[in-house]
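Structure record follows, encoded as structure tokens.
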Amino acid sequence: MDESALTLGTIDVSYLPNSSEYSIGRCKHASEEWGECGFRPPVFRSATLKWKESLMSRKRPFVGRCCYSCTPQSWDRFFNPSIPSLGLRNVIYINETHTRHRGWLARRLSYVLFIQERDVHKGMFATNVTENVLNSSRVQEAIAEVAAELNPDGSAQQQSKAVNKVKKKAKKILQEMVATVSPAMIRLTGWVLLKLFNSFFWNIQIHKGQLEMVKAATEMNLPLIFLPVHRSHIDYLLLTFILFCHNIKAPYIASGNNLNIPIFSTLIHKLGGFFIRRRLDETPDGQKDILYRALLHGHIVELLRQQQFLEIFLEGTRSRSGKTSCARAGLLSVVVDTLSTNTIPDILIIPVGISYDRIIEGHYNGEQLGKPKKNESLWSVARGVIRMLRKNYGCVRVDFAQPFSLKEYLESQSQKPVSAPLSLEQALLPAILPSRPSDAVDEGTDMSINESRNAADESFRRRLIANLAEHILFTASKSCAIMSTHIVACLLLYRHRQGIDLSTLVEDFFVMKEEVLARDFDLGFSGNSEDVVMHAIQLLGNCITITHTSRNDEFFITPSTTVPSVFELNFYSNGVLHVFIMEAIIACSLYAVLKKRGSGGPASPSLISQEQLVRKAASLCYLLSNEGTISLPCQTFYQICHETVGRFIQYGILTVAEQDDQEDISPSLAEQHWDKKLPEPLSWRSDEEDEDSDFGEEQRDCYLKVSQSKEHQQFITFLQRLLGPLLEAYSSAAIFIHNFSGPVPEPEYLQKLHKYLINRTERRVAVYAESATYCLVKNAVKMFKDIGVFKETKQKKVSVLELSSTFLPQCNRQKLLEYILSFVVL
């Protein structure tokens, strides 16, 4: 591994607040808010920051603004220019100044007094929920329908018995579903959590300006929906605790029924949690559960009608990879349906970003190694609490994005020209199999005709809800602060995999920090860089080896090479991936374009077409689309790739060729028909642009040169390594398909593929050991299903895979492998 990548000079003055109290080692006794940043001029600048002033003199970026394109009215709502300057606050730092009392006794009882003064009472929460849900027309119809199915030809008396039986079943379901919030339990839990959080977290930081926006939203007398990313089981308690501390009523939390365990389930119910099935629609026999769906719909409608707040985890389950997973919009669809029926005037949506230095679960190595997930139990919860009390988990940062109007979003989408989304098969097959008949291209073009805006149209409704879910998750992910462990893990895996001196690691940490801030992401730490790096190394524990070198009396830091340790480091490294993912996609696409050019022996090997690079990158975005939300749904991959190439030009990594150089391009290069190998929708053109836009049809394609400077080349290499594990997993899965003999049940195939990847890692064939995580195995197989490599059928509720007719020929499977390998930098 080239140890000069991201070379970035000497050290240090970190992104410091004026108050020295906020260094990592002293944040237990930190002041309530972080001040403005003091600075000295940095001795060095990074590869991409040469084009702008050092960030040492600028304020923290304010994250979480809503989308101006989709919700322009919400953009100015709740926000004012003073909001960003309100600074951060450590929620678990409580003393007498946070109460109405002063003196020695107040200092001793500050936690009790603080909890007692919080505004929480029974009248805040929903009443008569079970009765109102059972009496709703939709539930009554569902009960009658299910009863009729149970007794299709019975007498009136038998029908009445069937109805009563179904009603009893409905009441039993609602007992599990409906929460009975207890203000006393919220207060008690608040006090316990204040004690516990102070024992195993350094701090829990929130932005006071963001909380001001949330408070302003609560005064609108509308229901609020909090939609956080899901990293840990602590997420359930964290939001309720923060809102309680700020006198905002607790939300009703949608929890998976895997947490419905004795004693613990009672606590969750008392705090506002309600349990739902993992799959909303299915009964044990695989049929649609009309009754359950009606009860869930009625429950959500009743809570929203009573202006209650909800907390929904769109990812459905905790992320095992450290990345924000793709959205599961089942429960969100119920919220949208409620608003569409005009039951309530509006709903305010609040995405929430949550970042941990270290999650309390520590890692998910067991599941990533293919072991079955252990069911939660009271004993496992107790063991988890005991384990937590013996460790420190560093810092936590919670960011509340700007609330936006769901009604405004839905109305704006209904008025926009909306094209049917391009499937992965339509987007990628023409690039993978260019000699194949272009029916997929024609299909994609036909689908671009504007469809009916009738909200009753099912396909439009599904697309609308899916886009909304992606919008929310992208904003929540963009709001997540980057933690010290994320940066250190990333540097050790993709910058210094062979190890590095501590002083150099600190220098690169400092620069990575500036790179993150330059891209308008916030940091979840502050203090001297050396202290912060040591803090992160301590938290990463056995994943890192520290040795003392007598050569220069330095500490040498090396990432552990064992598979579980690499998996764990990759989990934390993925916390910073979304900051650089678009640039990493451009870097890998740049390699693919240059690699193709090199094999063909073009006359001007130093020049590449900007349009070709953008389209290549857009296709890679499609390939990686199962790895999470890459962009806002109101943007296209073509658009964001074009913008990212523009940033590369700003950085100086790419330069626009002089006119004389462009005129010397050989006809073979200028007339390449690569554009005919991709569907037209990949060539994005906005309907809102002027004729003079840079994207105008008259614009001539320009040609670019790649900077040959050492630091630019090293930065490109670093970006390419970030996607290395993903691309290696996908290419290895493509190799494994060569010996496919089906049909095969999907669970069995996943197990075999995962075993193959683990064997590659154990035999040290794999470049990146983290390419063998079970998450990447599942995503690779899903991608193959989406592009039409596999046909999927259901047999006894089990998904069965077999090769599609397109990929039965071995040559087409080879082309799939070659296409993926074109992006892989060896």
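Using N, Cα and C of the backbone, Cβ positions are placed for all residues, glycine too.
Among the features that Swiss-Prot reports, CoA binding site is placed at ARG278, ARG279, LYS288, ARG293, ARG328, ARG462. DSSP assigns ARG328 (CoA binding site) to coil in the three-state reduction, outside any helix or strand.
Annotation comment: Swiss-Prot describes 88-118 as intramembrane segment.
According to Swiss-Prot, the phosphoserine annotation covers SER380 (among others), on the basis of similarity to another entry. If you take the C-beta of SER380 (phosphoserine) and look for same-chain residues 6 or more apart in sequence within under 8 angstroms, you find LYS374. Under DSSP, SER380 (phosphoserine) is assigned to a helix (H, G or I) in the three-state scheme.
Among the features that Swiss-Prot reports, phosphoserine is placed at SER686 (among others), with the record citing similarity to another entry.
Annotated phosphoserine per Swiss-Prot: SER693 (among others), in sequence order, evidence recorded as similarity to another entry.
The Cβ neighbour count for LYS778 (N6-acetyllysine), using a 10 Å radius and every protein chain shown, is 17. Summarising the annotation, Swiss-Prot assigns N6-acetyllysine to LYS778 (among others).
The N6-acetyllysine annotation in Swiss-Prot covers LYS782 (among others). DSSP classifies LYS782 (N6-acetyllysine) as helix under the three-state reduction. Sequence-distant neighbours of LYS782 (N6-acetyllysine) (same chain, 6+ apart, CB under 8 A from its CB) are ASN626.
What Swiss-Prot lists as region 'Important for mitochondrial localization' is 80-120.
The feature motif 'HXXXXD motif' is assigned by Swiss-Prot to 230-235. This prediction places the mean pLDDT of the motif 'HXXXXD motif' (230-235) at 90.
Annotation comment: Swiss-Prot describes 1-87 (among others) as topological domain 'Cytoplasmic'.
As annotated by Swiss-Prot, topological domain 'Cytoplasmic' applies to 119-826 (among others), with the evidence given as similarity to another entry.
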Winner by Cβ contact number (other Cβ atoms within 10 Å) across the binding-site residues ARG278, LYS288, ARG293: ARG293
The region 'Important for mitochondrial localization' (80-120), counted residue by residue under DSSP: helix, strand, coil: 19 helix, 3 strand, 19 coil
Distance [Cα-Cα, Å, rounded] between ARG293 (CoA binding site) and LYS778 (N6-acetyllysine): 28
Densest Cβ neighbourhood among ARG328, ARG462 (binding-site residues), 10 Å radius: ARG328
Separation of alpha carbons, LYS778 (N6-acetyllysine) and ARG462 (CoA binding site) (Å): 24
DSSP-assigned states of the motif 'HXXXXD motif' (230-235) in counts, ordered helix, strand, coil: 2 helix, 0 strand, 4 coil
Secondary structure of ARG293 (CoA binding site) (DSSP, helix/strand/coil): helix
Between ARG278 (CoA binding site) and LYS778 (N6-acetyllysine), the C-alpha gap once rounded to whole angstrom: 18
Between ARG328 (CoA binding site) and LYS778 (N6-acetyllysine), the C-alpha gap once rounded to whole angstrom: 16
